[in-house]
Each structure stands twice: as structure tokens, then as C-alpha cells.
Amino acid sequence: MITLACECTQALSIMPTADEEVIAGWTTQLEADPSNVQARSARGALYLERKEAVLAEQDAREWVRLQPKEISAWALLGDALVAQRRFDEAVKTFKQGLVHVDSNNEALQEGLNMARVAVLNSLDSFDSDDEGLSSPEIPVTVSQAPRSSTPRLLSPRNVPVDSISPSPSRPESGIPLTLVQLVSELVWFILVDLHHSSPHLSNGCFLITLGVFAWCMQHAVVLAVVVACLSSLVLLPPWRVWLRHTVSRLVERWLTRSSDKLYHVALVPCLLSVVPMVLRVLGLCNLFWFVHQDIVLAVLVFSYLVCVVASAQHPKLVKVGLHLIIFLYWVVYRQHTRDAFRFIPPASFELASWMLGAISPLQVHQATKRAVATLLSRASSRHMNGSDFPYLSLSPRLIRWLEFWTQPSTFTVDDVVAGFQSLHASALHLFAREIHAFRAAHDASQDDYAIMVAYIATTVRALPPSRTVACVVMVLQRCVHLVVFAWLLVGRGDVCFAILPLVALEVDAVRAIVHVLTEPTYEGCDTLDLLCMQSPPLLTIWSNVKAGVYCLEASVAATKVAVAATAAARLGAQFGRLASTVVAARREGVTPHMDNLVDLATTLYESRHLLQPIRNVWTDLSVRWWGPPSATT
């Protein structure tokens, strides 16, 4: 009996399934006629349902070659690439289908959006396999493979991406690298590529080295202290461990005790942007105070500035020439050789910044792409993979980001939201203390999301400084030479005439500041709008931040309105049933309908909590549209 059962099991295992028989039939038809589009499309769809994505891709590519204007062929090819986790190729495939066939096709557009979301998810969870986590599933809908004569639009049927085997196999593992070696090689490749593509990098690095050397020669004591501290950190591991432990402990204490983390973090870039302005004012004050210690030097500087202002030279080149004149006069002509290293660093840094600024962002972008590709090829030649070296996953993630965002894109807000849904839970956890404090100080009936949105909105609106502070910052930002002239005149009693040509250039800036502060057109702008007018990218970022806050508040208001509408509908239905029961009781008598009347009255009493959402919406709308409600209401 056991032998008979084993023989039956073996016979059933070698019997072809229905799908295999269908595939064999289509294969026979294709051997007889390779241009049979119906058989090829049906077999490719069935391959995709059986999770044989590689074979499905082969049939889809042949179908696209035979019928390049067929929407179903492009859809099948894109779905096969998605099933193999080749999301960037799938994005390009769906785009080609939209370009070559129909740019308004909904199926191809839906596949393109899902492939883009998959790209973002794969970038954020690239090394999740090494951590024992499963990568996110891409919900792709797939129809049944066509067995009729008319091919239909094809896509995989609820196939989790993690259950599909990846197309390329990993190479054998070898000797792993460290993160320091990886970053060092990547930076070195980028610098070498930029060195070959632009001479400005080499010249700028030489000038920076010269400036640092001159600064070190001038501040030998400070340099000795810095070298001693760095040497102690390198040669004494306990010091390094203590420093790391102290910094991490301070950060953790701040995270647990701070009740306004978002405002403090958002305030850091604002304060950092003011530091260069203050340092620039102090440096110019010291420079022109030194210039006016010698009347001949002051006349030379004044004459030079008049000439360059009249010829409209680049500001950095003007500063380089200014330091060069001071160096030639004070060090070469007056023989003050001990001050030689005093004027070399400013001129070197100004000229180096001018040269490095001449390197275009496109050159840096192309150099980064080539450096990452070189790093990946070297890692492949060493037979390394992500399991041996987890940091290696950062390289393909970087190059895929670079390649993805350079494509022509119709990315939507829904795609971004779908790719970054995990930020909601992280924000609730990070700002738990702020949410609790805000709930205690404001409306405690709202949920965590509404409280978090209100906290973010309050923080963003509190970020712009006062109008007085904004006026001071604008003057420091646009009229720094006027500030230096006034400081030397009021603080030290020196009439610094050498800086007057530069002050004359800032007269228009002073008029612009007065116009901005007095014009009624700018009354609706906040102070950060006024401060960012000189920098369109920063103004765009600040405008997008405010727009994002408005969208978050609108989503909370829409949720409240939906809840209030639902509550009003429920109350309306209950009142309708009560009214119909009262009408029936008046017509037929109260006794037959007494139970219904009591039940409906009890239900209405128990539903009194439904009035709270309606009241909240009415209060919010009255505050938003008509101002705060009066005390009588």
C-alpha cells in the first residue's frame, strides 16, 4: 500500500499542470510562427503570474519589438521589470510607452507612478535585507492572463516584490572595506575627476593651502594647541571615548528635556547665517583701521577702489587686489616682513573662493556620477557585496538618486507622500514631549496629528524675527561697508575715507531697504520673506515651508469638517426617525409607539457627544473667517 501511494505521488508530481500545458501550447505556436503576437503576449502574462519575471520580460521585449505601438506590450514589460525589482528601468519603460504610444494612457501613468514610489522605497530600505527586515511591498494589480483571441492590458496580480527573486546574483564575498576607506576613495575619485575637467580646482586648492600655511605661521601658538588636542584624541583612546560619550549624553539629555526641539533646530541655520556677517564686519573694521594708520596707504587704497568701482570688477577680485596692494606697500616697500603672513591668508582665501565658484554644479554632478560608478566597479572587482560590507549599499543608492532625479519627471505630491509615510510615526515619537505640552496648553480634545500640526504651524510662524532685527540684518547683509564706516566714525573717531568708494556702491541698497520697510506692498510679507529676497533659492524654500504648513492645517480642517458632517448626518437621521415616529404616534396614538419614542429619545441623549465635532468646526471656521467669536456667543 505504501509503495502504491509513493508511485501515485511520483506520478502526480511529474504530471504537467494546466498552466504548463498552456505554456507548452503557446511555445509550439511560437516555434511555428515567431511573429504570433497573441501567443507571445498570453505566454508572457502567464509567466508573470507564475512569478517567472525573467521569461515574462523576454516575451514582453519581443512583443514591444513586434508591436511598438501596443500599450499592453509596454505595460507587460514595465510590470516584469517591477517584479524583478528593477524599478529605475521600469520608470524608463513606462515613460517610453507614454512617449511612443499615448501620453494620456491611465494604465501606463499608474504603472509609472507605482514604479517611482518603488524607487523611493527601495532607496530608503536598500540594506534592509542585511538587518533582517523585509522590503516594502509594491501593491501592483494584475489581471488574468488572456486566453481569448483579444490581448488585454497586462499587469501582475498582487505579487509582493519580496517574493520574486532578483535578477542578478550577488558576487562572491571578499575582503570588506571600512566606511573611512569608502568615503576616502569616493572623495578622491571626485577630486581627481574635477582636476582633469577643470583647472580651477587645482589652483583653488593651492591657494587654500597657501592661506592655511600663512595663517599657521602667524598663529603658531593656536596651531600648537589645536595639534596637541588632535594628537591626544588620536593617540589616547580613553579621551576619544570620553568625548564621544559626553557629546552623546548631552544630545540625549537635550532630546529628552527640551520642550521646543523644532524651534531650536530651525533657529540654528538662522543664527549660523548671521555669524559670517558679523565676522565680515569685524574683519573689515580691523582692515580699514589698519589702512588708515598710514596716510599714503589710505590714499593708495582709495585710488585703487575708485578705479575698480568705475570699471565694475568682480567683488572678490576687488578684495584680492586690495590685499595685494596692502602687501606690496606694507611688506615689500616698507620692509615690515614680520607682517608678511598677515595679508596672505585673506587674499588667498578670496581668490580661492572665486576660482572654486567658477566650477559649475553640472561638473560636480557628472564627477560624482563617474566617481560612484568607478567605486562600484572597483568593489565588484574585489568580489564584495552588501552582506560583507553594509556601507557599500550607499553607493548604488547615491547613483540611483542622481540618475532618477535627472530624468524628466511629472512627480506628484501623492508619490512623495506614499514614499515617506514613515515620517508621521517618527515625528510623533520625536515630538512626544512637545505634543503633550501643547495639548495641555490648548485644546486637549484633538488627536496627536492635529496637535502636531498646530505645534509645527506655531513654530514656523514664530520663526521670523521682529521687524527691528530684520532691519539690522538687512543692513548687515547689503550695506556692510556703510556699517564699517559708521562703526569707525562713531566708535574710534576715524574718518575712513578709503572705504567711501565702496560705500557709494551701497546707496542703492539703502534705498531698497527703505523702500521695502515703508512700501505698503510688503506689509503682508513676514520678515524672513524680506531677508530672503536677495537669495531666490532661500525664498523658494521658505515659501514652500509656509505652503506645507498651510496644507497640513487644511488637511486637519478637512478632517474636522468630514467628522462634523458625519455627526450631523447621524443626528439628522435620528431626528428624522423621531419625527416620523411622532407623526405616526399622532395618527395612531401614543401607546403603540411608546417603546420607539423612548428608544429614540434615549438614543438622542446618548448621541449628545456628536454635537462636539460640529461645535469645534464652527469655532474654527468662525475664528478663521470672521475673527474670534464674541463673549456673548
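Using the three backbone atoms N, Cα and C, a Cβ is placed for every residue, glycine included.
Between the listed ranges 317-333, 487-503, TrEMBL ties the annotation transmembrane segment to 317-333.
Only residues 6 or more beyond the boundaries of the transmembrane segment (295-311), in the same chain, are considered here, and those with a CB under 8 A from a CB of the stretch are 317-318, 321-322, 325-326, 329-330, 497-502, 504-505. Per-class residue totals from DSSP over the repeat 'TPR' (71-104), listed helix then strand then coil: 27 helix, 0 strand, 7 coil. Packing against the transmembrane segment (262-283) from elsewhere in the chain are residues 346, 431, 434, 455-456, 459-460, 462-463, 465, 473, 476-477, 480, 483-484, 487: each is 6 or more residues past its ends and has a CB under 8 Å from a CB in it. Confidence over the repeat 'TPR' (71-104), given as mean pLDDT on the 0 to 100 scale, stands at 82.
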